[in-house]
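Asks: Next up is a structure, given as structure tokens.
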């Protein structure tokens, strides 16, 4: 088949052939024998080019996308592990918080119990101070028991140990000083040069002295406050006793007590003091007044051993005497 020169591409196919053939592109006519079993291609002279065959292949995914997906998977895995760790830490934190709350509750209960015990002890101390102010403590009949290993004993043991150590140190220093004096006895040295105390020993003594002075001052203040409190309580208690039982009480230094009726004068007071057995006995007073109550003394104290009945009869006697004076003064007796 002849093709015109203007044709850009000529394709020749042998109709009797079983395989299609593609003829190269040319600017001249290409002739193929239709009856031939094999296609013949005319020589290419000008503008020849390779045949272009288009084939369809599956497109590959870019490597960058796979890398991004892989990185995302790694990040998701890391985040998942972190979430698990955070949950574990949260569980641990919750457990510790619960344990801390339980411990806090236990300690709070213990503090409340200790506060109650402290209040009870303070109340007991107050009652004992009042009893001491009333003169209820009698060394002949009452003994104060204490534990051998108590806080006060430990404190004094430490202080005594410190003082013993200081005394021993002082003795050693004095011995050393005497040895130095004997050693330099032939040398013309002023004896005042040996009157030197090591600074460490001096500072130690001064520190202990300051500590003891502070403790003594604190003890003195405490004793003073206790005395003031006892005096106030004693006055208050004495007033209550006088209103209830009709007697004024005054504690004496020799463990005795001075008693005076509210219906009597000062010179009519009586003095009582516990004996060896701890029982009160009449030990002093105006001799004329004692003679006046001689019968009461013999009957109530000597025979029956009852000081309260003796005091009650005296109170009634003095009250009757006072009523008699008043009635005599107003003319109604």
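Each Cβ is built from the backbone N, Cα and C atoms, and glycine gets one as well.
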Asks: Ranges 1-23, 70-92: which does TrEMBL label region 'Disordered'?
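Replies: My reading of TrEMBL: the region 'Disordered' range is 1-23.
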Asks: Of the ranges 39-62, 111-134, which one does TrEMBL flag as region 'Disordered'?
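Replies: Here TrEMBL associates region 'Disordered' with the stretch 39-62.
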